[in-house]
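Engineer: The compositional bias 'Basic and acidic residues' feature in TrEMBL is assigned to 13-26. Among the features that TrEMBL reports, domain 'Ig-like' is placed at 319-394, 412-484, 514-604, 1023-1111. Taken from TrEMBL, the feature domain 'Fibronectin type-III' applies to 616-712, 714-809, 910-1005. The region 'Disordered' annotation in TrEMBL covers 1-61.
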Amino acid sequence: NVFYLAVAKKAPKGKEAAKPAPKEAPPEEVPAEPPKEAPPEDQSPTAEEPTGVFLKKPDSVSVENGKDTVIVAKVNGKELPGTPTIKWFKGKWLELGSKSGARFTFKESHDSASNVYTVELHIAKVVLGDRGSYRLEVKAKDFCDSCAFNVDVEGALVGVGEGSKGLEVVEEEKKKKKDDDDLGIPPEVWELLKGAKKSEYERIAFQYGITDLRGMLKRLKKAKVEVKKSAAFTKKLDPAYQVDRGNKIKLVVEISDPDLPLKWYKNGQEIKPSTKYVFENVGKKRILTIHKCTLADDAAYEVAVKDEKCFTELFVREPPVLIIKPLEDQQVFVGDRVEMSVEVSEDGAQVMWMKDGVEMTREDSFKARYRFKKDGKRHILIYSDVTLEDGGRYQVMTNGGQCEAELIVEEKQLEVLQDIADLTVKASEQAVFKCEVSDEKVTGKWYKNGIEVRPSKRITISHVGRFHKLVIDDVRPEDEGDYTFVPDGYALSLSAKLNFLEIKVEYVPKQEPPKIHLDCSGKTSENSIVVVAGNKLRLDVSITGEPRPVATWLKEDEVFTATEGRVRIENHADTSSFVIESADRADEGRYTIKVTNPLGEDVASIFVRVVDVPDPPEAVRVTSVGEDWAILVWEPPKYDGGHPVTGYLLERKKKGSQRWMKLNFEVFTETTYESTKMIEGILYEMRVFAVNAIGVSQPSMNTKPFMPIAPTSEPLHLVVDDVTDTTTTLKWRPPDRIGAGGIDGYLVEYCLEGSEDWVPANTEPIERCGFTVKNLPTGAKLLFRVVAVNIAGRSEPASLFQPVTIREIVQQPKIRLPRHLRQTYIRKVGEHLNLVIPFQGKPRPQVVWTKGGAPVDPARVLVRTSDFDTVFFVRQAVRSDSGEYELTVQIENMKDTATIRIQVVEKAGPAENVMVKEVWGTNALVEWQPPRDNGNSEITGYFVQKADKKTMEWFTVYEHTRQTSCTVPDLIVGNEYYFRVYSENFCGLSDSPGVSKNTARILKTGITFKPLEYKEHDFRTPPKFLTPLPDRVVVAGYAAALNCAVRGHPKPKVVWMKNHMEIREDPKFLMTNYQGVLTLNIRRPSPFDAGTYSCRAVNELGEALAECKLEVRVPQM
């Protein structure tokens, strides 16, 4: 005889379980029961009408243990914005995929004609762990929808025996969660789950192939997990600490026994006490203080007490880098060397250079001919040979600020400061040609009659600073000619003539009257000589006569006799010389030489004119400024240096800077100049040089510091807000552009239509963007305008295009009821009622609040009314404040009304007459009546709980049920239960429940259970990497971590290798294994640490290997 013992499927909540079959029945009357299959699509108990994207939703199925099942769904592609992505989930969050096992297979097909997607989920050899809820999710771009279904599993235990009289089918009671029911999960996995965080449950379940997540979570919820407390530490280190560089940090732990020995470690190396590391003992606290933290202190720290350890990570943060000395504007010539420097607050800080908004890098420096240099806190950008393309605006940016400056590159222009002069020399004398140019680096060549002059014993060519000299000793007649100096690289030449004075010896009688022979080189008129101030003047006058005449020099009418000093007389046999060293303005005048001997006298006069650079310009001042410009005016110099002033040169600089920038290279002839391209809000200073034919004057006095500031733009959106018989209220918005000068306020002006006489409405600027102009004539038509005022003056006015008639505007009353008050306004007892209702109407309307036709009670309700709204306020609402309130707004015979419904609610009372009406199997039917007091609000549901009479611990059975009865399933056989019911409304659950007056006793029934004989599963598996090692590229100096996950039982031994060499006790590497997740931490990697890293996992069943490549890049500074 064959006996069957059927395991009943779990009944759905709220329904009866299947009734037990008769104990005995004739064998021939019981046909073999075929395997249960999923019901037809149109007969599914959970089938729903197709709505939305699902043409056919997946059906809930009941499958016999060990059988196969198929779940089918159809998706309407016409409702989707694109090709869908379809996923199957178990529960709400466990995605089914290729890693779910070979038993789960998926099929998807598409009918292009009807645009319908058909998807199938195949589950082979269903087990008890497959039962539970499932979900199908469809996604397409921004669209997402899902539907749920259930899978129930039925099991059958079949035994064969002899001597039986018939077939006995006995239903097993519903499955109970016993302490020894481990759901087929190994004990070591349960221990792992008990000690893991909730966020790790999904990963562990996926790793060990657990599919019954609901059962696992229920088992974990019932299990009392006691967190293992540390025996040595009562307070451990935090996971991580952070400190700014240069500051100190304290690491604090608390130990259970103050006598226990304790050691601190940094990167695995024990820390010894020193001035940097200070150990403190305060009671049971042990403190490690690290002074003046540096980047070397950024490490892993641990503290060990006997065999217990706790770990932490210390991160040292760089402070923000501030700019101490910013960049300065520079103006240079092509080919000059340029250094732009900035000083920051930290040594070795990282800064970023930018030119015209584009970053400058070391990679581009070879093409652009620049280089970077660091000197402590100074960062320097160097151009060895600057070009026109290098000009622009440069920026330096740090993590704590930025600065900018402008580099102006101009073509070189050579100025001749002193031209060479014609010379007349005698035989055997020395001829010196001398000139001065503006650039001391300029070289040049000397030519005589177009032929280059070469140095020799008699000819010397020299170049000292800005001066170029050609010296010819022992002048000979052949040296006479035109001499030219040509600077290298410039289309410029300086020419002068050398005249040879031939001395003729004539025989004359011994007695001869005196005679003066004058040769005025450089003369501009007869007997007139011009000399540049600062140069040497030598008047050599040849004298003849017998006997030898006596020479006397006079300046104007005074006799000059000095033979030493700056101005002196030198007498020789045939000449008398008047020498002036470094001529100045006082030396200008008429000089007379008188020679006498017994035969007579001779007189000659020479007018010496001293020319110089002009005096500096006077009264230099800035008369007006704008957003990026300023007008500079000045007076011509009092003394023009003897030559007319040909123009002016101008310079400017930022206040506090020492670097002046030229504003013009060609002389400017006017005495008014507009300087542009300035930065608004920056203080500047300017100065002027006068220029004449001799040279450039000394600079003028600096102008007073000035700041380019512009008035604001005109105010925006000027409108009339209100008009009465004597007032007009205007409103506007701030100007679109305010600038660095800010805004001090606004001025309002008005005038009659057709007039240009604007009358100020306010004498002091107002700050707010609105103003009421008062005392206006009734009926007048006025124009209004508003100007913004700041330190730079008045802005352009914002005007009204149409005149405003000064007359009261009558406006009908209108209540603007807020949207949330157009339906019943619900508040809880004790809360305040604060209703703000705006209205309109002119003149000011009369506002009345009523309730039920009577005015509201002023003792309960506070009403405040303004020109444009009314406020209804109750400090603490009570239920009697509920009702309909009417608001009336009236102006003479015109009015408007609005009705506001207020409902004040509180928590409902408990459910009434809670009774256990019926008990069957492990189910109980509980009924109750609604509460007497619903709290002035609709009852939205009930909250049902059960409690075992022995423990009286309450557990929730139903939430938000709207019926006044429920069936409580899954009661434990042999226990007696009480039930209680809370009422729920808008305010929440009632304060007290209604408790059942009787109990439900679950009686034991005769049940025979025969355990299934099965072979114990072998959980041993060889090592397998679930997550491989990915290739990594890291930056040198920043910590890196290599991660992978391995699975295997028994727990595999893990070995890390670099370039196939095992990594042993190296403090640079930290290896961790947390529940199969393997991590190799590399502290501050360098290019030497690059290579191939591999991880080998080995146990008794085999081994697995994972490899990756690590590349370490050095950041470019």
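Each Cβ is built from the backbone N, Cα and C atoms, and glycine gets one as well.
TrEMBL entries are annotated by machine, without manual review.
Note that the structure is predicted; figures quoted are calculated from it, not measured.
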Engineer: Among 412-484, 616-712, 714-809, 910-1005, 1023-1111, which stretch has the most Cβ pairs under 8 Å to the domain 'Ig-like' (319-394)?
Structural biologist: 616-712
Engineer: Which range wins on Cβ pairs under 8 Å with the domain 'Ig-like' (514-604): 412-484, 616-712, 714-809, 910-1005?
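Structural biologist: Comparing 412-484, 616-712, 714-809, 910-1005: 412-484 has the most Cβ pairs near the domain 'Ig-like' (514-604).
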Engineer: Where DSSP helix means H, G or I and strand means E or B, what are the helix, strand and coil counts for the domain 'Fibronectin type-III' (714-809)?
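Structural biologist: With helix first, then strand, then coil, the domain 'Fibronectin type-III' (714-809) has 0 helix, 45 strand, 51 coil.
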Engineer: Within the domain 'Fibronectin type-III' (616-712), count helix residues (DSSP H, G, I), strand residues (E, B) and coil residues, in that order.
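Structural biologist: Counting residues by DSSP class gives 0 helix, 39 strand, 58 coil.
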